[in-house]
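Q: Have a look at the structure that comes next, please.
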Amino acid sequence: MRTAGTYLLLVLGAVVTLAPFLLSVQTALKSPQQFASEPVLTPPAPPTLENFAELFGDRYDFVSPTVVTAQVVAVILLGQLVFSVFAAYAFARLRFPGRDALFWLYVATLMVPQIVTIIPLYAVFADLGIRNTFWALVLPYVFGHPYGIFLLREYFKGIPGDLLDAAKLDGAGTPRILWHVVVPVSRPILATLAIITVVTHWNNFLWPLVITSGRQWQVLTVATSALQSQYNSNWTIVMAATTIAILPLTILFLAFQRHVVRSITITGFR
Amino acid sequence: MAGRRQGARRDTRTAYLLLGPSLFGISAFLVLPILVVAWLALQRWDLIGPRTFVGLDNVVAVAADGRFARSLLITAVFVAIVIPAQTVLGLVAALLLNRGLRGSAAFRVLYVLPWICAPLVLGVVWRWVLAPTDGALNALIGRRVEWLADPVLALPSVAAVTVWTHVGYVALFFSAGLRAIPDTVHEAAMLDGAGAGQRFWRITLPLLRPTTFFVLVTQIIATFQVFDSVYALTPDGGPQGVTDVVAGRIYYEAFEQRAVGQAAVMALVLFVLLVVVTLVQQRWFSRRTTYDLST
């Protein structure tokens, strides 16, 4: 009885959680004619991909924002992984003057809200003449984030010293130790950091909104927002756009959910 | 001895080489902006023209402009609606998830799903769900309710979407917290004849205090900065400006009104406010919590 009640509530929660996703996908699969003429909740009959075809066609050109977003995320991901490994290794395994003060500075920057940095960064980027460029989108994030460095540092501290000493005795320099010892034993935490980074930057909105203008460097979130304000009642097209913006992350999430769930409980990321 | 000293020197050089990129990134894009925003607060600038020094004029203007004070109040109300709702619902979900039923792990994953999606995109989806004539919710309940256009309903509606997004995330933390409580504590209480209610209020809740505190503080700080979803659901501050939250106010002031100096003042106020909240929480944290990170 108690079990049945628990399941009922859990399923109810799942329905409330999933309903908006399912409704948006089913609307994206309807023809505009069907959407206009039939009740909102009727299933698409027959399901059609015409909204997606139109979305990626000449008029809306969602190809460009999808490609731009993927490129931005890829470059940021590479930079964050490499430079976070560098910094985290220095903090975790090397002795140098100023280490604790520097680490404190890194952690303290976690207090800075995005909305506060956006205005000065806009001013600096405008002065440098790199507003509305690819580099404007990636530069603020590509050098590593204190959160990732903090996360990796904790993990690197746990690597057995013997392992690193053995590599040093074999004459390996820091680059080789990083690549051949640290990276291989740190795969789970690196996967976690990679997912955090992809999710954060695939979803980023405010900075791209501010620093880009026009179509050339528009990312998916900004394109979706623009599409909605421009074609307010064209919901079948708008829902096709939200599906495209959500789907890749959902797949990634379902594939790596163990890592994601673990990373959330470790870091409370975002 | 000499060898060790030389080794230490080599360590220092290597460390600074390794730290170089992130040190540059963090100084240039997180530390320097605080100085630049303080400098911009003393300028008049419209995003394109020249900047002119105006001293404390912007501070005076922001103080005189009731909209900033109102946006602080709106944000406080928003936080006051969102935080209790998502904390209680998250705890309830965690209690259900931790009854050891088959499939709990799948439900846990499912509940977190909204949380990994872009708040902006979810806002767009919900804007359609809540649309008055062709939206899904009104079709479902068979009534025409102006969820986002009614000045009374707009802020609670936006808050409800925020709660929906975060419940699974909060549940995840409570779930981990619950698992850290040893079964023996509950068994002992049961032997002493404590009922389910008694055990919840006298044992579970007190032992969850560190988790609760962590969830509350991090969520309050995050909720105070809400922008994307509010922007998607109710652009331009909503009906009669009732959803004009602080981050939105700063954005509009800088990038639509082009009053960059005043926006910079507002950003500084928000920054100081959040630093104070963070420092207070760290005081608390270091004193009274040991948070178990194992899952």
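Just so you know, glycine gets a Cβ as well, placed from its N, Cα and C.
Sharing the feature lines straight out of TrEMBL:
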type: DOMAIN; residues: B:72-281; note: domain 'ABC transmembrane type-1'
type: TRANSMEM; residues: B:15-42; note: transmembrane segment
type: TRANSMEM; residues: B:72-97; note: transmembrane segment
type: TRANSMEM; residues: B:109-129; note: transmembrane segment
type: TRANSMEM; residues: B:153-174; note: transmembrane segment
type: TRANSMEM; residues: B:207-227; note: transmembrane segment
type: TRANSMEM; residues: B:259-280; note: transmembrane segment
Q: Is the transmembrane segment (B:153-174) in contact with the transmembrane segment (B:259-280), using three or more Cβ pairs under 8 angstroms as the rule and ignoring pairs under 6 apart in sequence?
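A: Between the transmembrane segment (B:259-280) and the transmembrane segment (B:153-174), contact is absent.
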Q: Any residues 6+ beyond the ends of the transmembrane segment (B:15-42) with a Cβ under 8 Å from its own?
A: 51, 53-56, 58-59, 260-261, 264-265, 267-268, 271
Q: Which residues, given as numbers and ranges, are at least 6 beyond the ends of the transmembrane segment (B:72-97) yet have a Cβ under 8 Å from it?
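A: Those are 104, 107-108, 111, 155-156, 158-160, 162-163, 166-175, 177-178, 208, 212, 215-216, 219-220, 223-224, 226, 242-246, in sequence order.
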Q: For the transmembrane segment (B:153-174), what are the same-chain contacts with Cβ under 8 Å, counting residues 6+ beyond its ends?
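A: Non-local partners: 74, 77-78, 81-82, 85-87, 89-91, 93-95, 97, 108, 110-115, 119, 122-123, 126, 130, 145-147, 208, 211-212, 214-215, 219, 223, 226, 229-230, 233-234, 238-239, 242-243.
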